[in-house]
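Read through the structure below, which is laid out as structure tokens, and then see the notes.
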């Protein structure tokens, strides 16, 4: 029994010793693994340290030390490959590809025959804070030793504050490319849809360019005439040179007095007034006072005597071509002009009256001989006021200095306008955005905003239009509403019909006085007027906030007029609605409007796109009197429309009889007076 117990106890001791050995071996293996893991981490850390700090202490064998003599950290002999460095040309190519991708994403199209010129165009900005100091401004700082960079930052910050107060969140595509292009002092031709922020694309650079110091803008070069430069070479001696410098400084001071630095031209008083308000808003709280003026009858005398801006000159002048030409004829100087912008350029360069060439587009002089003018909508007969917009622009161009930057902006730029721009602009940057980006700006449909819901409504005869208006009012329309008419007589007649329907209605056209027109616009902006009846006078550029509905009571004569009319709604990303009435008499021009609507994304019945036009002689297209070849009409003639009048026929006859009775009585009285004498 004892032997059995001893055997069992000895086997137990053996198993216990085996388990102890196994546990020690397992612990040793785990310790070895952890040690190897730690060594691997140390090696990795050492490699990263060597890569980050290549100038660290190393011995001749390539082994790095951590600063202690006892502990050495082994390193691998493999060296990390350096990153591949691109050449300057490759980096420039990559940057240009990124810029082109951004332009495609934002719908910005640049037109140029030379691809190399596109690479020289300034990069677009994605936010207003990316608006940087241009190279010509910053490079002149090294020459002048003035702290003008801080001036740019101050102006930039002031404009940013005004932009934020106006709730401009980010630049629109035309502003992204237009602002840096004008700041680079390049001629620009911009085409963008209505309500896309074209005004901001040229007003913001105008503020900066106007406040740029003379020595910075002109590169710290003396502005001397050629005669003065020739006389400089003949004069010798220090005394003569000093005297000449004083004379030149005095001349420069006299020349700068009353100078106009930027000019914004608009085709109507309403649009020019709107541009002036925008300039005042964006230039408020400037570090230096910003002088802006709206050219009118009251300040024409100051403009002629070059005293509008006082001794410091005028920073920005907003005018119509008529007023500006009158001032130029009577002695106004534009020697210090830096920038001129033609807003609604297709209207200002309208050559529909025939082939007109610009005589003075490139032959720029300072003479006071050329001049002309014209009023906004229908010029009066006479030597100066009967001239067209195009002739007035030609006269203005004859007074511009060669150094002035020129820009054209509009929602529709047709081939004729682009042809004329070749004689006005010098190597321009052609910017097209929106739907126009795919057509090169030649299609009128590209000017229509994608936020506008467009409709065509058949009303039978002219009498059905007034019924359709009253039906829309009965169904409920959300003001403000604009109603466009063919003529001022028809606008006044519709105003008389709707005035007693319980609608807050007003009318604006060229037949009203300027003060009455301004009052109508002010009431409409305030909300006192719900429905504003108007002509094409306010169809271009005038920005009414949140217009919900535009009604074309009379069918527009062409696609350009249609685009500008409906462009008063759907602005700045808001939704809008446009309804166009048409009758049987409007079939001649219906196909043009239908094509514009189709190109802008609307669903149009096929019969509207294939309807035959009729010639001015009354027959189908291509078939005049007795047939014949197709004739091109120079000016479209609107159809004859019946008067807007809902008076019953019995009352009309009664009024005619009464009128005839009064006329007969006057004639009879005049005959009796003659017989007595």
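Placed from the backbone N, Cα and C atoms, the Cβ positions cover glycine too.
In TrEMBL, the annotation region 'Disordered' applies to 618-677, one of the ranges 558-617, 618-677.
Among the residue ranges 306-332, 333-359, 360-386, the one that TrEMBL annotates as region 'Disordered' is 360-386. Cross-referencing 177-218, 219-260, 261-302 with TrEMBL places the feature region 'Disordered' at 219-260. The domain 'Helicase C-terminal' (468-612): residue composition by secondary structure is 64 helix, 23 strand, 58 coil, according to DSSP. In the predicted structure, the domain 'Helicase C-terminal' (468-612) carries a mean pLDDT of 91. Helix, strand and coil residue tallies for the compositional bias 'Basic and acidic residues' (660-677), in that order: 17 helix, 0 strand, 1 coil [DSSP].
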